[in-house]
Amino acid sequence: MSKKIGILTSGGDAPGMNSAISFLAKSALSLGFEPYLIFDGYSGIIARKILPAKNFPYNGISSFGGTAIGSSRFPEFKKEEVQNKAVEILSEIGISSLVVVGGDGTYNGGYKLHLKGIKVIALPGTIDNDIQFTDYTIGFDTALNTIVETIDKLRDTANSHRRCFVVEVMGRHCQDLALYSAMATGSEILITNTNILTPEEVSQKVLEQFAKGKPSVIVTITENILPNLKEFAAKIEELTKISTRSLEVGHTQRGGRPSAFDRILAAKMAMKAMELINQDKSGLAISYLDGKIQTFDIAKVVSKPVRKTNDLVLEINKINQN
């Protein structure tokens, strides 16, 4: 078995990726392996942006947000000839094992390399929390805390002016960021891909909340639902005659120093990944499920649809409107 191991981050960046990189490199060295850092995701393999970890200050990056080795979306990697080229380049360098950190696109790319003989272990690194068979992904907790802090501040000013705020958060097609931020902040109205409401329906609920004496109303919405957030807020103001503002939390959700939870989660997953590589395992995804670090076949993870939590969405809406 070759002692050279590649480490890459791919797709959207997530707080805690640097913790994973650092612990992967340190764990690899402790087991007698030679870790290599691959810059800018899968495109970095093709561009030969590959550097021995010993030539990079990986020890001091755990507390920083983002990913110090860069990331990218590389749709060309879906082509078999590009995958074959990646295998050829990795083989030339002597890298026979690869740890990939990212979301479902990263998992799919890693699985393709696994089928072509590269030993691959995947770690879930995405703020969206949309990877199957794991309760939490690296970056979700930090992003959630960013959203909660933002909504808490909006609540302060909304209370002062008797306003309604419509807040759009990330999550792609997974509603976890919206759902759990609504739980944490008491957002009165929650709109997700399993609970879509019209401006008329939202306006009625907003009026009901103010009629109960509430000084403000927060509407939390998952991205990719509304064609235009500002127009949606303007329509609510038109129908209710209540001052309504909109805010897209945006890419601040991706940044910031990772929470202690994300750093520890990344470290534990990295240690497990290196344990599996030391056992010559491949094609496995690391997860945190039911309070334990576990492993699942990557093929099984990418073949399952994102879990739905509609019952909880409806329950939170009901509770927060009282």
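Counting starts with 1 at the first residue shown.
Placed from the backbone N, Cα and C atoms, the Cβ positions cover glycine too.
Owing to the predicted nature of the structure, the values given are computational and were not obtained by experimental measurement.
Secondary structure from DSSP puts Gly12 (ATP binding site) in coil. What Swiss-Prot lists as ATP binding site is Gly12, Arg73, Phe74, Gly103, Asp104, Gly105, Thr106, and the listing cites sequence analysis.
Secondary structure at Asp104 (ATP binding site), as computed by DSSP, is helix. The C-beta environment of Asp104 (ATP binding site), restricted to residues of the same chain at least 6 apart in sequence and closer than 8 Å, consists of Asp130, Ile131, Val302. The Mg(2+) binding site annotation in Swiss-Prot covers Asp104.
Within its own chain, Arg254 (substrate binding site) has Gly12, Asp13, Ala14, Pro15, Gly65, Gly66, Ile127, Gly139, Ala143, Met170 as residues 6 or more apart in sequence whose C-beta sits under 8 angstroms from its own. The substrate binding site annotation in Swiss-Prot covers Thr126, Ile127, Asp128, Arg163, Met170, Gly171, Arg172, Glu223, Arg245, His251, Thr252, Gln253, Arg254.
The C-beta environment of Asp128 (substrate binding site), restricted to residues of the same chain at least 6 apart in sequence and closer than 8 Å, consists of Gly12, Gly103, Thr137, Phe140, Met170, Gly171, Arg172, Cys174, Asp176, Leu177. Feature annotation from Swiss-Prot assigns active site, proton acceptor to Asp128; the stated evidence is sequence analysis.
All protein chains considered, the CB of Arg155 (ADP binding site) has 19 other CB atoms within 10 Å. Annotation note: Arg155 (ADP binding site) sits in a helical segment as assigned by DSSP. Taken from Swiss-Prot, the feature ADP binding site covers Arg155, Gly186, Ser187, Glu188, Lys212, Lys214, Pro215, Ser216.
Within 10 Å of the Cβ of Thr252 (substrate binding site) there are 14 other Cβ atoms, across all protein chains.
For Arg245 (substrate binding site), the same-chain residues that are 6 or more apart in sequence and have a Cβ closer than 8 Å to its Cβ are Arg163, Cys164, Phe165, Val166, Ala233. For the pair Phe74 (ATP binding site) and Gly186 (ADP binding site), the C-alpha distance works out to 39 angstrom. Fewest other C-beta atoms within 10 angstroms, among the binding-site residues Arg172, Lys212, Lys214, are seen around Lys212. Distance from the CA of Gly186 (ADP binding site) to the CA of Thr126 (substrate binding site) is 25 Å. Secondary structure at Arg245 (substrate binding site), taken from DSSP and collapsed to helix, strand or coil, is strand.
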